[in-house]
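Enquirer: I have a structure here, written as structure tokens, and I will follow up with some questions on it.
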Amino acid sequence: MPTAYKRVLLKLSGEALMGDDAFGINRATIERMVADVAEVVRLGTQLAVVIGGGNIFRGVAGGAAGMDRATADYMGMLATMMNALALQDAMRHAGIEARVQSALRMDQVVEPYIRPRAIRQLEEGKVVIFAAGTGNPFFTTDTAAALRGSEIGAEVVLKATKVDGVYSADPKKDPSATRYTTISFDEAIGRNLQVMDATAFALCRDQKLPIRVFSIVKPGALKRIVQGEDEGTLVHV
């Protein structure tokens, strides 16, 4: 069956790996996510992943607690490295070939980020996991997703969250909140909808790189998106 996308960038938050736990990596949760990824890989869509680290350490929180913000952000990057290795390991157990490329060098453990190599690995059918954000403090992993997505020529950034799209208001607080099927970047800015942080959002808008926000908790959602079905919210130019 033909797919809607040839190459996609999946943004996974660190918190998504926790499942119902308060901290760390929930093995059952990561295995379920990998099963979803496996379905997409089998369809022939090239998949890259940018992973966060908030389940282990958040640079913003460290900065707020009195730690030097740059130091806290570097600690957050190391947290993403741990998540990337866990994800790669789970993929290996599921029979998926995956490579981790890091914006911070840790040569004994992972490959450094090299754009042509990443593209070649995607073309070979491997999943490429980008770790350590952009490699610079003060930039979120959402911004890393926008950056890497632009660099590798992804057709869409798939932002995996615990909510099934972008809503007019917080659905947990406002029962009348409605989900947008599609919305433009300018509309989202005008309505002050928090899809991504401002830097990431601006980069996607400038590069005309659409964002699809969807629920990673919803079974089969990732596969349905790749097959072109209506899932979550599409943010477009």
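Think of each number as a place in line: the chain as shown, counted from 1.
Any Cβ shown, glycine's included, is placed from N, Cα and C.
What you see is a predicted model, and the numbers here were worked out from it, not measured in a lab.
Okay, these came from Swiss-Prot:
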- Lys11, Leu12, Ser13, Gly14, Gly54, Arg58, Thr161, Tyr167, Asp170: ATP binding site (BINDING)
- Gly53, Asp73, Thr134, Gly135, Asn136, Pro137, Phe138, Phe139, Thr140, Thr141: UMP binding site (BINDING)
Enquirer: Let me check the 10 A CB neighbour count of Gly54 (ATP binding site). How many other CB atoms are there?
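Expert: Its Cβ shell of radius 10 Å holds 20 other Cβ atoms.
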Enquirer: May I ask which residues of the same chain, at least 6 positions away in sequence, place their Cβ under 8 angstroms from the Cβ of Phe138 (UMP binding site)?
Expert: Arg69, Ala70, Asp73
Enquirer: Quick one: of Gly53, Thr134, Asn136, Thr140, which binding-site residues lie within 10 angstroms of Ser13 (ATP binding site), measuring between C-alpha atoms? Sequence order, please.
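Expert: Of everything listed, what lies within 10 Å of Ser13 (ATP binding site) (Cα to Cα) is Gly53.
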Enquirer: Return one of helix, strand or coil for Thr161 (ATP binding site), based on DSSP.
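Expert: The three-state answer is strand.
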Enquirer: Are there any residues in the same chain, six or more apart in sequence, whose C-beta is under 8 angstroms from the C-beta of Lys11 (ATP binding site), and if so which?
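Expert: The answer is Val49, Val50, Gly52, Thr141, Asp142, Ala145, Val157, Leu158, Lys159, Ala160.
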Enquirer: Going by C-alpha positions, which of the binding-site residues (Gly54, Thr161, Asp170) is nearest Thr134 (UMP binding site)?
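Expert: Smallest Cα separation from Thr134 (UMP binding site) among Gly54, Thr161, Asp170: Gly54.
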Enquirer: Do any residues at least six apart in sequence from Thr161 (ATP binding site), in the same chain, have a Cβ closer than 8 Å to its Cβ, and if so which, in order?
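Expert: Looking at Cβ-Cβ distances below 8 Å from Thr161 (ATP binding site), excluding near sequence neighbours, one finds Ser13, Ala16, Val213, Phe214, Ser215, Ile216.
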Enquirer: Of all the binding-site residues given, Ser13, Thr134, Asn136, Thr140, which has the fewest Cβ neighbours within 10 Å once its own Cβ is left out?
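Expert: Ranked by other Cβ atoms within 10 Å, the binding-site residues Ser13, Thr134, Asn136, Thr140 bottom out at Asn136.
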Enquirer: Can you list the residues of the same chain, besides Gly53, Asp73, Thr134, Gly135, Asn136, Pro137, Phe138, Phe139, Thr140, Thr141, whose Cβ falls within 8 Å of the UMP site's Cβ centroid?
Expert: Gly59, Gly76, Met77, Ala132, Gly133, Thr143, Ala144
